[in-house]
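**Q** Structure provided below as C-alpha cells; questions to follow.
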Amino acid sequence: MRSSLRRSVVAAAVVALAAAWCAAAQLNQSYYASTCPNVETLVRGAVTQKLQETFNAAPGTLRLFFHDCFVRGCDASVLLSGPGDEHSAGADTTLSPDALDLVTRAKAAVDGDPRCANKVSCADILALAARDVVSQTGGPYYPVELGRLDGKVGTRAVVKHSLPGAGFDLDQLNKLFAANGLTQTDMIALSGGHTIGVTHCDKFVRRLYPFKGGAGAAGPPMNLYFLRQMRQTCPLNYSPSAFAMLDAVSPRKFDNGYYQTLQQMKGLLASDQVLFADRRSRATVNYFAANQTAFFDAFAAAMAKLGRVGVKTGADGEIRRVCTKVN
C-alpha cells in the first residue's frame, strides 16, 4: 500500500512539474535575463532583511501569494489598496502588513537598479518572495517561472467565493482547487504551507466551544489535551488579536510538522484536520508526515502550477510603478 501510494504521489509530482516546465510562451525562468539579470538576488536580499526583523513576514507572504492567485489569478491584484479592491473584503482584510511591507521593499530594491527600473512586475516579485520565505525558513528552494503582468483590476466582490473557508470539508476543498487546475495532492501539499502559518481565534473558536456554532460546528475530532490548551489561548472572551500557530510540532520551521500535527489530532482549522479525518486524503497526509522530501517535491510542483493560474498577458496587464495602485 505504502509503495503504491509513494509511486502515485511521486508520479503526480513529476507530471505536475513537467506541466509547469512546459510554460506558456510568456512564462519562463529566464524571462528577465537581459532586462534585469539580478532580479532574484535583489528580491532575496529584501526577504532576508525583512525576516531578520520579523518572522511574521514569512507566513504572511506565502498567504499573500496564495490569496493573489486564487482571486483573479497571479496578477498582484491583492496588493491594490483602493476602497473597492480585494484587500478590503473577507479574508483579505487580515493579510499581513509585514508581508505587504516586504513586497514594497523588494519592489524598491528591484527598481533601485537602473537596469531593472519599471521592468519587473509586482506579480513576479511576489512569486519570488513567496519562494524565498519558504526556502529561508527551512523549506525547498525551487525554480520560479517569470513573466507575469500586473492586473489592472481588483474586485472585492469575488474574494468571498474564491478562497477556501476554515470549515470546508474535503469535497469543498477539492472543488475549489480543481477550479484552479489543482489536484487533491496539490491541495494537500499547498496546505502544508500552514507549517509556518498562524490563525486568529475567530477562525477555530467553534471547534473549541461547539455550542457557539450549533450541531457539527466542531468539525473533525480534536486532541483533548490540545483542546484544553487552546481554550487557554482563546477563552470565550478572547481578544480579536489573539492567535495560535497552525503547526503544533515546529511552528517556525518550514517542514512536514504540519502533517504530524494532523496525525496527532491537533489541527486548529477544520479544513486542515479534515485532510486526516477523511479516509480519501489520509494516506497522503501520512505519507508527507513520514517523508519530508516527498512533501517538498509535491509542494514545489504545486507552487509551480499555482503560479500559472490566471496569468495576465498583453493589454490585460501592465508593470506597475507602485504595487498598490494601477498606473
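Note that Cβ sites are derived from N, Cα and C of the backbone, with glycine treated the same way.
Take a look at what TrEMBL says about it:
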- 26-327: domain 'Plant heme peroxidase family profile' (DOMAIN)
- D68, V71, G73, D75, S77, E86: Ca(2+) 1 binding site (BINDING)
- H194: heme b binding site (BINDING)
- T195, D247, D255: Ca(2+) 2 binding site (BINDING)
**Q** Tell me, in order along the sequence, which binding-site residues from D68, V71, D75, S77, H194 have their CA within 10 Å of D247 (Ca(2+) 2 binding site).
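**A** So the list reads H194.
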**Q** If we check Cα distances from T195 (Ca(2+) 2 binding site), which of the binding-site residues D68, V71, G73, D75, S77 wins as closest?
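**A** Nearest candidate: D68.
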**Q** Measure the Cβ-based neighbour count of D247 (Ca(2+) 2 binding site), defined as the other Cβ atoms within 10 Å of its Cβ.
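**A** Within a 10 Å radius of the Cβ of D247 (Ca(2+) 2 binding site) lie 28 other Cβ atoms.
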**Q** Given the binding-site residues D68, D75, D255, which one's Cβ is surrounded by the fewest other Cβ atoms within 10 Å?
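**A** Taking D68, D75, D255 as the binding-site residues, the minimal 10 Å Cβ count falls on D255.
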**Q** Determine the most Cβ-crowded residue among the binding-site residues S77, T195, using a 10 Å radius around each Cβ and all protein chains in the structure.
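**A** That would be T195, with the highest Cβ count within 10 Å.
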**Q** For the C-alpha pair, I'd like the distance in angstrom between S77 (Ca(2+) 1 binding site) and H194 (heme b binding site), rounded off.
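**A** For S77 (Ca(2+) 1 binding site) versus H194 (heme b binding site), the Cα atoms are 23 Å apart.
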**Q** Using a 10 Å cut-off, grab the number of neighbouring Cβ atoms around the Cβ of V71 (Ca(2+) 1 binding site), all chains included.
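**A** Counting Cβ neighbours of V71 (Ca(2+) 1 binding site) within 10 Å gives 28.
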**Q** If I take the alpha carbons of D68 (Ca(2+) 1 binding site) and H194 (heme b binding site), what is the distance between them in whole Å?
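**A** Spelling it out, the Cα of D68 (Ca(2+) 1 binding site) and the Cα of H194 (heme b binding site) are 17 Å apart.
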